[in-house]
Amino acid sequence: TLYFIFGIWSGLLGTSLSLMIRSELGKPGTLLNDDQLYNVVVTAHGFIMIFFLVMPIMIGGFGNWLVPLMLGAPDMAFPRMNNMSFWLLPPSLTLLLSSSAVESGAGTGWTVYPPLSSNLSHAGPSVDLAIFSLHLAGVSSILGAINFITTILNMRWEGLQMERLPLFVWSVFITAILLLLSXPVLAGAITMLLTDRNFNTTFFDPSGGGDPILYQHLF
């Protein structure tokens, strides 16, 4: 239920950002009169809709409720980890909102793509806060994925083979595996970006021998 409440609230927030984007693009000239502000809205819209609407509702809400039901299991394999998975999301959203409040916001697009996310374009802590927000959301996703995979593999009714599982359970299972493979790679990319911004490394800076396209591949 908490997942649903959180997801609905985030969905309303995301929808209001969506309306702002549509209003800006739906008529000639500008409505916001500020390109940076528009970019911040687009970035926040992407993050909120993915990490705070789709994942909490589709996976957190429906997944946690339907998967054990369809397996004949009393609960998820790790209920407390499930709880922790949820409670990482509110601080993550708080960090994302604070990233839009400090300096002029993180106007990088939702991929946080360098060089737009470098110190030259965003000198203050806004991009760093957005990266920390992504880290927390990613940890939450990984915990959830481990929980789902363990539940589906180990907590089925006796005689319920994998090929007899409902397609919804299969879809959650495959999504969780893909998430477990991809989320650490994304975490690596944004951590490298974080060190590029704060510790003078040059992972993505060609002037220091880095590869400007590497981030794109990792993402």
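Don't overthink the numbers, they just go from 1 along the chain as shown.
Placement of Cβ uses the backbone N, Cα and C atoms for every residue, glycine included.
Not measured: the values here are computed from a predicted model.
Swiss-Prot assigns ALA73 and PRO206 to topological domains bearing different names, which places them on different sides of the membrane. Over the topological domain 'Mitochondrial matrix' (150-166), the average per-residue pLDDT in this prediction is 94. Residues 59, 63, 66-67, 70-71, 134-135, 138, 141-142, 144-146, 148-149, 152, 218-219 of the same chain, all 6+ positions outside the transmembrane segment (167-187), place their C-beta atoms under 8 angstroms from a C-beta of that stretch. Counting residues 6+ beyond its ends, the transmembrane segment (2-22) has Cβ neighbours under 8 Å at 32, 38, 41-42, 44-45, 48-49, 52-53, 56-57, 60-61, 64, 86, 89-90, 93 in the same chain. Long-range Cβ contacts of the topological domain 'Mitochondrial matrix' (68-85) within its own chain (Cβ-Cβ under 8 Å, at least 6 residues beyond either end) map to 60, 140-141, 143-144, 146-148, 150-152, 154-157, 160, 165-166, 168-169.
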